[in-house]
Amino acid sequence: MSKKERYEMNKLTKRLRHAVGDAINDYNMIEEGDKIMVCLSGGKDSYGMLDILMSLQRVAPVKFELLAVNLDQKQPGFPEDVLPAYLKSVGVPYRIIEQDTYSIVKRVVPEGKTTCSLCSRLRRGILYRVASEEGCTKIALGHHRDDILATFFLNFFYGAKLKGMPPKLVSDNGEHMVIRPLAYVREKDLIRYAKLKQFPIIPCNLCGSQPNLQRQVVGDMLRDWDKKHPGRIETMFSALSNVIPSHLNDHNLFNFKDLKSDGILPEGGDMLFDEEEIAPTNELSRLFAPQKLELGE
Ligand code: SF4
């Protein structure tokens, strides 16, 4: 590795550790005595997640265990020795589960239909079972900031819901806590990290499934915005942590019916006739320089 690459690696490693550490703290993802099942697909994100969690484990004030788990779904051409060799070399406890979900999906889903939803459901069920068998208290998934934003826009555009992908949630069967330690991490950092670290990536198209068109459209849109409007992705991601239910329309979330003018200001206040001052984000400061924007409510 050249001097420049080493410098870049140090900077990137620090940035990734900070982002993961912040997400862990903000959502109380890891507690003393946790045994965390780290789900590894063999893609750049899950390799990055495992690597960063291992480095945090060495210095964290709380003690926790890691168990790397890969589900070998018996897709044709899956290189079954790659992950065990890697996991042995980094010295993390691991378990490989072999279960032929590939044949089930191929048998059940009609030709030409997308196979991902059944495949993910089967995978989820198996991973939950293994988490129980292994006594894991948390299940860590490798979704990053850009996955979260893409899911938000997919729901916004096609699902008529304001719904993203939470950094922490209780599993469908109510028994497990699922965490996403990469929630604050940029995908481009994970791509760069995987290259510098030379993770032995396993391609994700072995199942032959067609890529989800809507997800692709949203992904292209976000990448395009990121190029044309630097800072926009960061602003949008911050917005997901800054929700004002009284200024949306969901009457199940905010009690509009019983709203009273009784001198108590509801959350978000009344700015109906005011100009709202928008803090200059990177994008806005480039476009407008600090100034007041007339947005209208
Ligand atoms: S891409 Fe293939 S392996 Fe991945 S969820 Fe879809 S069907 Fe399953």
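Note that the numbers count up from 1, one per residue, in the order the chain is shown.
The backbone N, Cα and C atoms fix where each Cβ goes, glycine too.
Computed from a predicted structure; not experimentally measured.
Residues or ranges marked as domain 'tRNA(Ile)-lysidine/2-thiocytidine synthase N-terminal' in TrEMBL: 35-199. Feature annotation from TrEMBL assigns motif 'PP-loop motif' to 41-46. The [4Fe-4S] cluster binding site annotation in TrEMBL covers C116, C119, C207.
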Additional residues around [4Fe-4S] cluster, ordered along the sequence, whose Cβ is within 8 Å of the centroid of C116, C119, C207: V105, T114, T115, L118, S120, S209
Integer mean pLDDT for the domain 'tRNA(Ile)-lysidine/2-thiocytidine synthase N-terminal' (35-199): 95
For C207 ([4Fe-4S] cluster binding site), the number of other Cβ atoms found within 10 Å of its own Cβ: 18
Cβ neighbours within the same chain of C119 ([4Fe-4S] cluster binding site) - under 8 Å, at least six residues apart: Q73, T101, Y102, V105, C207, S209
